[in-house]
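J.: Heads up, here are the entries from TrEMBL:
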TRANSMEM  A:14-41  transmembrane segment
TRANSMEM  A:88-109  transmembrane segment
TRANSMEM  A:121-143  transmembrane segment
TRANSMEM  A:164-188  transmembrane segment
TRANSMEM  A:200-219  transmembrane segment
TRANSMEM  A:256-276  transmembrane segment
TRANSMEM  A:288-309  transmembrane segment
TRANSMEM  A:321-343  transmembrane segment
Amino acid sequence: MTEFFQNLGLSYEWAWTVATLVGIITISLLVMFSVAMVIYVDRKVLGAIMMRRGPNVVGPFGLLQSFADGLKVFLQETIIPSAANKGIFLLAPIITFTVALAAWAVIPFDAGVVVSDINVGLLYILAISSLGVYGVVMSGWASNSKYPFFSAMRAAAQMISYEVSIGFVLVCVVLFAGTFNMSGIVMAQKGHGLGFINGFFVNPLLFPMFVVFFISALAETARAPFDLTEAESELVAGYQTEYSSMSFALFWLGEYANILLMCSLCTLLFMGGWLPPIEWAPLYYVPGIVWFLVKTFFFFFLFSWIWATVPRYRYDQLMRLGWKVFLPMSLIFVALISGYLMATGHFS
Amino acid sequence: MIQALAFYLFAGLVIASAVMVIMSRNPVHSVLWLILAFFNAAGLMVLVGAEFIAMLLVIVYVGAVAVLFLFVVMMLDIDFAAMRAGFIKNFPLGIAIAAILLAELLLGIGAYNAGGLELGTPDGAATQGVGQSNIEAIGGLLYGRYILLFEVAGIILLVAMIGAIVLTFQPPKPGARGRQNVGKQIARRPHEATVMKNPEVGQGVEL
């Protein structure tokens with residue numbers, strides 16, 4: 001795209017800047033649109049599992065429901081509690097939303113279709129997702145209300161706990177792939193299983209890590225069964241209790257953008273990203289982005305399915321799972337995998 | 001030109017937020033300004049091409065250390081007025097520390113410019129990183145040339161961690177309630193917890 005703007009008569013620097021800006025805006029709009037559609041899918045799947053119809057009034061099959069909700073929220077009054085710390089109260093949802101969108105900069109949708117193909121792509125995602133906790137903690141504190149504050153404390157502890165095991169899972173993947181670059185990780189999965197299956201998930205050493213990553217992704221996005229930050233029965237609506245209107249909508253959008261990000265990470269790290277499931281020439285006629293979206297959507301379906309079926313964890317169970325089960329397990333696997341790779345001469 | 005703009009943006013924001021850390025009245029605001037300063041410092045690291053260090057700075061300091069700061073500051077009930085009172089008293093000390101830091105910086109830059117230090121010439125390790133990514137270069141140095149220091153640092157951290165755990169560990173009191181045995185909870189079946197009865201009308205149930 002940079003060449004296109006250079007042909008319009010811009011110098012390389014400015015052409016690159018304009019091309020990157022265009023890329024950022026395109027991806028943000030697409031992510032926002034898919035978030036709107038995915039909220040609809042979430043509600044439809046939940047409806048189907050509960051044997052009811054789900055949203056079906058606005059537009060054909062209720063497809064425009066999320067847009068109607070967005071419009072409604074946009075027209076509402078923004079209420080700021082008088083005891084709230086105003087600046088931070090308004091900043092918190094903006095941070096959640098910005099951070100949720102910023103991580104998409106290094107996600108490759110197809111070979112070469114990525115805003116910024118940096119060397120440390122995976123570390124960038126880890127860094128950005130560790131910022132997500134600030135939106136929650138700041139909103140909980142700034143609301144100056146006890147339930148949001150409880151929720152913020154829970155969210156901070158929960159996200160930090162599960163980030164540790166996610167970090168070790170990523171180390172395992174990087175050991176096999178030999179790079180932190182997202183496109184490089186996807187290409188390392190080409191023909192990984194028996195020479196014809198694309199994806200790390202078929203590797204018996206990486207499959208347990210795949211399961212750990214998926215469950216940690218649920219906890220990291222505070223999704224059921226780990227949605228203790230917004231447990232309705234205990235905390236009203238958690239950190240969002242005092243929010244209304246657009247500031248509430250930003251939390252909502254950011255949350256779903258994060259869920260989609262985690263789904264796409266499962267796809268990129270373990271399922272072979274934009275590569276077709278198996279090495280078979282006709283499958284390569286399907287555009288890579290279609291495979292990417294199908295796999296991501298599959299994981300999103302799993303998220304909704306789990307939401308509808310699994311009861312919420314108790315807080316001590318959540319902490320036990322993170323620190324006493326996942327952390328030792330992923331540590332053992334880091335040692336196991338590096339030992340295996342050294343023994344088979346992977347690094348030489 | 002864009003690099004220059006980005007540099008002045010990041011550098012200006014680092015300084016401005018560092019000033020706000022000590023100027024803001026509310027300690028929670030101070031921590032948030034500190035986070036902004038960390039973040040912009042990471043931006044500066046990216047500009048000099050040290051993207052690995054930049055990401056580590058964000059993951060470790062912003063993602064973990066600053067969250068704990070924020071946690072502690074939010075949980076503590078701090079008397080803002082009392083904290084402000086010490087400012088004038090400690091001001092000369094602060095100036096002295098700032099002067100020492102400035103002198104050290106000038107000394108370091110001066111020594112570097114004078115070319116007095118020959119970095120890594122003995123086995124040519126300093127030139128190792130050419131044409132490699134950040135991570136490969138740092139990994140090569142850490143696990144090659146500085147392996148002993150790296151392992152010693154690891155051992156020290158391990159000992160510190162075990163020490164912290166030993167200091168805070170409280171063995172369960174005999175007979176104390178509230179300890180969960182998850183295996184026992186999962187192994188429990190419905191028929192152990194409930195009894196099915198079919199009482200006659202007016203008879204009631206006897207357990």
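Positions of Cβ are set from backbone N, Cα and C atoms, glycine also.
Structural setting of the listed features?
T.: Long-range neighbours of the transmembrane segment (A:88-109) within the same chain, counting only residues 6 or more positions beyond its ends whose Cβ lies under 8 Å from a Cβ of the stretch, are 24, 27-28, 31, 80-81, 115-118, 121, 124-125, 128-129, 131-132, 134-136, 138-139, 141-143, 182-183, 186, 242-243, 246-248, 250-251, 253-255, 257-258, 261, 264, 268, 273-274, 288-289, 292.
Same-chain neighbours of the transmembrane segment (A:121-143): 81, 84-89, 91-93, 95-97, 99-100, 102-103, 105-106, 149-153, 155-156, 159-160, 163, 166-167, 170, 173-174, 180-183, 185, 220, 229, 239-243, 251, 254, 258, 261, 265, counting only residues six or more beyond its ends whose CB sits under 8 Å from a CB of the stretch.
Proximity of distant same-chain residues to the transmembrane segment (A:288-309), defined by a Cβ-Cβ separation under 8 Å and at least 6 residues beyond the stretch ends, is recorded for 38, 41-42, 45-46, 49-50, 109-111, 113, 214, 218, 223-225, 259-260, 262-264, 266-267, 271-277.
With a cut-off of 8 Å between Cβ atoms, the residues of this chain six or more beyond the transmembrane segment (A:321-343) that come close are 158, 161-162, 164-165, 168-169, 171-172, 175-176, 205-206, 208-209, 212, 215-216, 219, 313.
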J.: Between A:164-188, A:200-219, A:256-276, who has the most Cβ pairs under 8 Å to the transmembrane segment (A:14-41)?
T.: A:256-276
J.: What same-chain residues lie close to the transmembrane segment (A:200-219): Cβ under 8 Å, and 6 or more beyond its ends?
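T.: Same-chain contacts beyond the ends: 158-159, 161-162, 165-166, 169, 172-173, 176-177, 189, 192-194, 225-226, 262-263, 265-266, 269-272, 299, 302-303, 306, 318, 321-322, 326, 329-330, 333, 336-337, 340.
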J.: The transmembrane segment (A:164-188): which same-chain residues, six or more beyond its ends, come within Cβ distance under 8 Å?
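T.: Non-local partners: 106-108, 111-112, 114, 117-123, 125-126, 200, 203, 205-206, 209, 212-213, 216-217, 220, 268-270, 272-275, 322, 326-327, 329-331, 333-334, 337-338, 341, 346.
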